[in-house]
Amino acid sequence: MTARDLIPIVVLAALAALLPLVVTSSPVMNFLVFTLIVALGAQGWNILGGFGGQFSFGHAAFFGTGAYVTAILQLRFGVNAWAGLLLAMAAGAAVAWTIGFLSFRSGLRGSYFALVTLAFAEVFRILANATAFTGGAAGLLIKLDVHPANLQFADRAVFYWLVLAFVTGVLLLTRWIQRSRFGAQLVAVRENEDAAKALGVDSLKVKLRAIALSGAVTALSGCLYAQYFLYIDAHIAYGSWISVELLLAPIIGGVGTVFGPVVGALTLHGLGELAKQFAGRIPGIDLIVFGGVLVLAVAFARGGILGLLERLRDRGRGMMTRGAKEVSHAGR
Amino acid sequence: MYSPQIILEAALNGLMTGAVYALIALGLTLIYGVLHIINFAHGALLTCAMFAVWVAWAWLGLDPYLVIVPLVPLMFVLGYGLQRFVIGPASHGDDGNILLVTLGLSIVLENVLLAVFQSDTRTLDTDYSFQVVALGPLLLSYPRVIGLGVAVVVTGLLWLVLNRTDTGKAIRAVAKEKLGANLVGIDVPHVYAITFGLGCACLAVAAGLLMPTFYVNPRIGSAFVLVAFTVVVLGGMGSLPGALLGGLFIGVVESLCGLFLGDSLGQIGIFLIFIAVLLVRPTGLFGAKA
């Protein structure tokens, strides 16, 4: 990685960190924290889905594992919340690796992989909903005890900075993946698995590494969700809504790019809020917008918003060079 | 311990629920077999059909079985239009895109229904909703017996359409070799849309059969669609008899799991089968070896 790779990330993170000094309204802060948590999980999805080309429809399995592990460790075993956060990530990685091992070893890809991940998430949801250990259908309430050591903060801005720090960390991680040998192998597997194998890439190992990383990051976002809202149940943690959210953001923003998931999450939730403001109390209006944007993005903006911007930039450049040529012709 | 009669009754009731699963899966497997896509909007389209049945009953006082007759062509046209003018053009022929477009469609449909009908659960009641048919010592629910019969008939009709008509021949040709079919003058986008329409028409029948004993709310489709995926995978993607047998089998498994494990865990058997089949034999029990 060079300084040119790092500077945009650092500058954007610094600018975003200044926001709470300007914005003090708590609904806006709530919106920002929630959107960043989704963005973080979406970054996790993007490592596997974007760079590895394995479209998971069941990232709720990792998100929910992160949320439940954090909550259960605190409630049932009195483990410190920060230690819980690390263990949640480890659990997310372990669950992801296992699901990956089972499905990649059987050679599942494409729609089959999407279906099997969806089914795993559903199994987790049903189990969490039916077992007393996980709080059953009533869910789990994390005790309100505001203290930095408990990962609970009186000021929303502090939580915002915390999530922002994690998002920035994963942006850097993603940039590193993009520049590393591992990232190149992952992209090779996405583009043509057989060709990658022929070149000596251990595709199973590469995919397993990607899904474990992806699971850890998404579990981290689930853990932060649980710590922010202090309540989870099976439908929140393992529900299909979160699988869909985590997949929509990168696809809308720009799949397989560093900033795509964050851009996508901000755009989607921004549009969703706007729709709610305009349409008032119609239930599901924000989701209608999400679905519509997804169809439009696939139809007209392959590569998402970032892809669209890049194309516009290229076109702009094309015009400029053409303009420059004309000028030089005129001068001749 | 349960008496054999209770187990047998549960199995038979499951068989008849499975018949409706089979109808839903029939549409899905047909679409998969020809277009090679997984239609994530299938569940949402089923919900649309179920609301149509409910509206016809609540506002016009029509019998749910009777509603099937006009609903089948309506759903066919809806499916034809969706594939021809939305899914086809939007996905540029890429499998991953089709998955995403149908997912987007299902989100839109589901939430439009939510906006119109709110999240309340609705039921309708008919004179025969709770009627039973006595078969020896066993008591079987009348609407479910009808469901089983109709499912078998519809599978048969679909088989006839595919194997005995020119349209069916064109559909099979496209399923086997898209390019070749195109070369001999078959309009591939038209055949795709017809197939999608047929798949949706199956949903109209399923909705009419479900409503006398079941309920509807905007989210109900997702519960069925996962079961339908399981049936399709189990029966072999694209296989019609596979879908029928797979549906019946899954119905029995669900009913027996529900009996032994309780309602909240009942569905888990389905998903475990689903995962096991995907991992061990993704071509299904009746599908051709890929």
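Glycine is treated like the rest: Cβ placed from N, Cα and C.
Fair warning: this is a prediction, and the values are worked out from it, not measured in the lab.
Copied over from TrEMBL, here are the features:
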TRANSMEM  B:12-33  transmembrane segment
TRANSMEM  B:40-59  transmembrane segment
TRANSMEM  B:65-86  transmembrane segment
TRANSMEM  B:98-119  transmembrane segment
TRANSMEM  B:139-162  transmembrane segment
TRANSMEM  B:191-214  transmembrane segment
TRANSMEM  B:220-237  transmembrane segment
TRANSMEM  B:268-288  transmembrane segment
The transmembrane segment (B:40-59) and the transmembrane segment (B:220-237) contact flag, 3+ Cβ pairs under 8 angstroms: yes
Sequence-remote partners of the transmembrane segment (B:12-33) [C-beta within less than 8 Å, at least six residues beyond its ends]: 39, 42, 46, 138, 140-141, 144-145, 147-148, 150-152, 154-155, 158, 175, 195-196, 198-203, 205-206, 209-210, 224-225, 227-229, 231-232, 235, 237-240, 242-256
Tertiary contacts of the transmembrane segment (B:98-119), as residues 6+ beyond its ends and Cβ separation under 8 Å: 35, 37-45, 47-48, 51, 82, 86-87, 90-91, 217-219, 221-222
Distal contacts, the transmembrane segment (B:65-86) - CB-CB under 8 A, six or more residues away: 35, 41, 45, 48-49, 52-53, 56-57, 101, 105, 146, 189-190, 192-201, 203-205, 207-209, 212
